[in-house]
Amino acid sequence: MLKFFATGVDRPEIGDRAAIDRLFRKHRLRVMLAITLGYGLIYTCRLALGVVKKPLIDGGIFSPNELGLIGSALFYTYAIGKLTNGFLADHANIKRFLAASFLLTALCNLAMGFTTALWAAVLLWGLNGWFQSFGAPGGVVAMTAWFSNKERGRAYGVWSTAHSIGEGLTFLGVGALVAALGWRAGFWGPGLIGVITAIGVYMLLQDRPRTMGLPNVNDWKRDRYQEVAKPDLRSVLAQQLSILKIPAIWVLCLAAATTYVTRYAINSWGILYLQEARGFSLPMAGTLLMLSTLAGIAGAIAFGFISDKLFDARRPPVNLLFGLLELAGLGLIFFAPTSVPVLIAGMLLFGMGLTGLVTSLGGLFAVDIAPNRVAGAAMGVIGIFSYIGAGIQEQVSGALIEQGMTVVDGVRSYDFGPAIWFWIGSSVVSTLLAASLWRTRRRD
């Protein structure tokens, strides 16, 4: 089994330069399509639960508290898996590694459509989180294998749109599917998408170029950095552990955790809020959340440009700016009158502000303040805290929403107030923590 998933042996290099050029051009396009569209489509299997919460509650299948427990299982297993599976991805045949993980997460979704037992739902959704955690490290490994040093920034920019594709498709497409066919379709639809995606990824992706008789992509592009001596493994481990002694890393961990509270509060409970508190249909609620996702693409790009060009790569001032945008959006979403234009404005501000903060706390700022050689370890630690925060959010939000739920003469009503203040409070804390590192120095 392990041998099946291991990367292949290097083959002798092809002698025909024209053939090498032709194969690289062919497979690089396929790799980018596979990791971007594949990861985006499989994202629907991660977010399906947030779309079906109202019919599950209305049908008496699960309570909000139980849904919070189910949702948290995914985030906790994802937090652990994202770190450990990154090490596995470095040694794997990415073609088989990603295709298998996508197929397994699809099967988890298909099975969710058949279960109404709490223990089974928690188990399946936890397994789903574990298999989902293969996606990001697998995509990064494929990207570094097929795109050279100076191309990687653009390639990463294209690939990073995948989660926005997945969120938009879930909120709009899966939302319409559930409205037409019921809650089970909310799992079966993404499950079928996942099966097709797994097949497509297997057909499009390839193992490393060297296993096909191609040179290293950096040699093909003549894009080699100056070689440096490899450090002793113990030295690397010592440097990785040294990040735990950097106070700013711990502040970033807490800031990221509270940011992910707000991020996944809206992703997981936003549709239920818009349906119950604002009176929107499921398709309309999904459309509003999709607008937030689209604004997030602009927010991620704008954050990097503004911090690099206007603030000389200083992230804290821009953290504050985008945190205020996020808070302004939350204010409109939760406290403004029920007006579609106003809610659209709120979603756009929230999506732009939140995604800018996520871009900084989960990537740019982490790399800035950690030594370059162990930037990956810093992002791994911050990633664990982020998804633990998301998991805690699921449980706390579910409990608060259930406490505010009343049923009179068969009519269910909600008081989202406590949950809303929990979400906004987390956003305030994350903004203050992210801005508090005003004088933190960048490291080489």
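Using the three backbone atoms N, Cα and C, a Cβ is placed for every residue, glycine included.
If you check TrEMBL, you get these features:
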{"type": "TRANSMEM", "residues": "31-49", "note": "transmembrane segment"}
{"type": "DOMAIN", "residues": "31-443", "note": "domain 'Major facilitator superfamily (MFS) profile'"}
{"type": "TRANSMEM", "residues": "69-88", "note": "transmembrane segment"}
{"type": "TRANSMEM", "residues": "100-124", "note": "transmembrane segment"}
{"type": "TRANSMEM", "residues": "130-149", "note": "transmembrane segment"}
{"type": "TRANSMEM", "residues": "156-181", "note": "transmembrane segment"}
{"type": "TRANSMEM", "residues": "187-205", "note": "transmembrane segment"}
{"type": "TRANSMEM", "residues": "243-266", "note": "transmembrane segment"}
{"type": "TRANSMEM", "residues": "286-306", "note": "transmembrane segment"}
{"type": "TRANSMEM", "residues": "318-336", "note": "transmembrane segment"}
{"type": "TRANSMEM", "residues": "342-367", "note": "transmembrane segment"}
{"type": "TRANSMEM", "residues": "374-392", "note": "transmembrane segment"}
{"type": "TRANSMEM", "residues": "420-438", "note": "transmembrane segment"}
Outside the transmembrane segment (100-124), six or more residues from its ends: residues with CB under 8 Å to it: 5, 38, 42, 45-46, 48-49, 61-62, 66, 69-70, 73, 131-132, 134-135, 138, 184-188, 190-195, 197-198, 201
Top Cβ-contact partner of the transmembrane segment (31-49) among 69-88, 130-149, 156-181, 286-306, 420-438 (pairs under 8 Å): 156-181
For the transmembrane segment (318-336), distant same-chain residues with Cβ under 8 A (at least six beyond the ends): 262, 299, 303, 306-307, 311, 342-343, 345-354, 356-357, 360-361, 365, 416, 420, 423-424, 427-428, 430-432, 434-435, 437
Sequence-remote partners of the transmembrane segment (187-205) [C-beta within less than 8 Å, at least six residues beyond its ends]: 30-31, 33-35, 37-38, 41-42, 44-45, 48, 52, 94-96, 98-100, 102-103, 105-110, 112-113, 142, 170, 173-174, 177
Intrachain neighbours beyond the transmembrane segment (156-181), with Cβ under 8 angstroms and 6 or more residues off its ends: 32, 35-44, 46-48, 50-52, 55, 139, 143, 189-190, 267, 271, 281-283, 285-287, 289-290, 293-294, 296-297, 300-301
CB contact flag for the transmembrane segment (420-438) and the transmembrane segment (69-88), at least three pairs under 8 A: no
Residues from the same chain, set at least six apart from the ends of the transmembrane segment (243-266), whose C-beta lies under 8 A from its own: 75, 289, 292, 326, 330, 350, 354, 357-358, 361-362, 365-366, 369-371, 374, 377-378, 381-383, 385-390, 392-394, 397, 419, 422-424, 426-427, 429-430, 433-434, 436-437, 440
